[in-house]
Amino acid sequence: MLNSAMSVVILAAGKGTRMYSDIPKVLHTLAGKPMVQHVIDAATKLGAAQVHLVYGHGGELLKQTLKDDKLNWVLQAEQLGTGHAMQQAAPFFSDDEDILMLYGDVPLISVETLQRLRDAKPQGGIGLLTVKLDDPSGYGRITRENGKVTGIVEHKDATDEQRQIQEINTGILIANGADLKRWLSKLTNNNAQGEYYITDIIALAYQEGREIAAVHPARISETDGVNNRLQLSRLERIYQAEQAEKLLLSGVMLRDPARFDLRGTLYCGMDVEIDANVIIEGYVTLGHRVKIGAGCIIKNSVIGDDCEISPYSVVEDAHLEAACTIGPFARLRPGAELLAGAHVGNFVEMKKARLGKGSKAGHLTYLGDAEIGDNVNIGAGTITCNYDGANKFKTVIGDDVFVGSDTQLVAPVTVGKGATIAAGTTVTRNVADNELVLSRVPQVHKQGWQRPVKKK
């Protein structure tokens with residue numbers, strides 16, 4: 001039966017010794033964000049009125065990283081078991097709300113599974129998430145009597161007969177706040193580990209005649225926890241395979257789904273093609289018929305219709321209008337903007353710069369803090385000299401300008417419409433419309449000159 005109010009407790013106090021890291025275990029990333037953030041996001045989407053985060057090791061780093069004003073931080077100074085962790089959070093529970101218990105190192109739990117668990121929770125009882133494993137070694141076993149759940153026995157406390165049970169406890173459960181506080185107050189540490197097990201509340205509820213409803217997740221991987229980097233890497237591949245499958249089924253052509261990483265949110269138009277070893281980070285939008293070449297990294301960017309990004313290009317915090325072409329080996333840094341039909345070629349870098357409609361920067365160029373008009377040609381080796389060691393300055397280039405190769409534009413400087421900058425020129429003053437500008441050292445010819453010969 002579904003109550004109108006629900007809060008979530010996320011257990012995240014473990015040190016994660018087997019990660020061999022100074023970083024708290026739950027802050028290790030999966031798909032580009034901390035494991036615990038995945039769990040917080042699921043709780044938020046589920047409609048949690050309050051999220052209580054039980055922390056211990058690395059608490060300050062957790063707070064600095066998560067920076068969520070809506071979290072209620074609950075300290076577990078000593079790690080004395082899951083029951084003890086829940087006891088620390090219990091004073092914050094309202095009697096008339098449901099409490100859902102989650103884990104910061106179980107990052108793939110889905111909102112859909114949690115919603116089914118919430119819906120299945122009996123009035124006055126417990127909703128319990130369980131799975132069946134071929135090899136349940138090390139897990140708490142679900143005990144039943146006449147089909148009804150009667151309790152959970154931890155592996156170290158189980159008899160040989162109980163160890164044959166394949167249904168195991170995932171640790172995820174939901175119960176009423178008042179009931180949970182009562183059961184938590186009755187927990188003891190009379191077990192092999194000397195800890196307070198949250199699982200003991202199942203037997204307490206059964207003894208009171210309360211119903212325990214067991215629910216299975218859509219996928220077993222949803223309940224897989226992380227204790228070491230190998231397990232984390234396996235969950236990463238599971239997650240990425242699921243994302244790739246969703247994209248393929250929605251019409252996106254991934255040339256090699258096993259070599260695609262989504263570390264954020266991707267919105268795609270029709271007939272998008274993505275080659276191998278592409279990484280998508282943050283919020284990325286790809287318009288219709290966009291093609292992304294192998295080895296590209298796209299982060300927090302909008303790519304317009306019919307754009308093509310050639311292999312090994314990096315695009316970050318950039319905006320491309322329709323029919324732009326990028327790369328190979330191009331880099332668009334934050335603030336780069338390409339208007340329709342613009343081209344940025346190999347080994348070109350842009351930062352806080354706008355390239356106008358139909359304009360081209362073909363090779364070996366740096367455009368920083370620049371505003372470039374339409375139909376401009378930027379020759380190879382052009383550099384906007386935007387930094388004087390203390391401050392940044394802007395370069396403005398009008399429409400229909402031709403900039404020859406190996407040109408330096410020393411900002412602040414403006415080049416008027418239709419101007420031509422000869423190859424090898426250093427521009428230090430403003431250029432008027434339709435002017436030709438050139439600066440070169442005299443060319444010297446020495447007839448009969450002999451090249452030096454190496455001494456033997």
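Including glycine, each Cβ sits where the backbone N, Cα and C put it.
According to Swiss-Prot, the protein carries these features:
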- His363: active site, proton acceptor (ACT_SITE)
- 11-14, Lys25, Gln76, 81-82, 103-105, Gly140, Glu154, Asn169, Asn227, Arg333, Lys351, Tyr366, Asn377: UDP-N-acetyl-alpha-D-glucosamine binding site (BINDING)
- Asp105, Asn227: Mg(2+) binding site (BINDING)
- Ala380, Asn386, Tyr387, Ser405, Ala423, Arg440: acetyl-CoA binding site (BINDING)
- 1-229: region 'Pyrophosphorylase' (REGION)
- 230-250: region 'Linker' (REGION)
- 251-456: region 'N-acetyltransferase' (REGION)
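Arg333 (UDP-N-acetyl-alpha-D-glucosamine binding site) and Tyr387 (acetyl-CoA binding site) are 16 Å apart (CA-CA, integer value). Averaged across the region 'Linker' (230-250), the predicted model reaches a pLDDT of 98. Ser405 (acetyl-CoA binding site) and Leu11 (UDP-N-acetyl-alpha-D-glucosamine binding site) have their C-alpha atoms 60 Å apart, to the nearest angstrom. Each of the binding-site residues Asn386, Ser405 was scored by the number of other CB atoms within 10 A of its CB, and the lowest score belongs to Ser405. Within the same chain, residues 19, 28, 30-31, 35, 107-108, 221, 224, 257-258, 260-262, 266, 268 sit at least 6 positions outside the region 'Linker' (230-250) and bring their C-beta atoms closer than 8 Å to a C-beta of that stretch. Between the two most distant C-alpha atoms of the annotated acetyl-CoA binders (Ala380, Asn386, Tyr387, Ser405, Ala423, Arg440) there are 23 Å. If you take the CA of Leu11 (UDP-N-acetyl-alpha-D-glucosamine binding site) and look 10 A around it, the binding-site residues you hit from Asp105, Ala380, Asn386 are Asp105.
Minimal Cβ crowding within 10 Å, among the binding-site residues Gly81, Gly104, is found at Gly81.
Taking H, G and I as helix, E and B as strand and the rest as coil, DSSP gives the region 'Linker' (230-250) the counts 20 helix, 0 strand, 1 coil.
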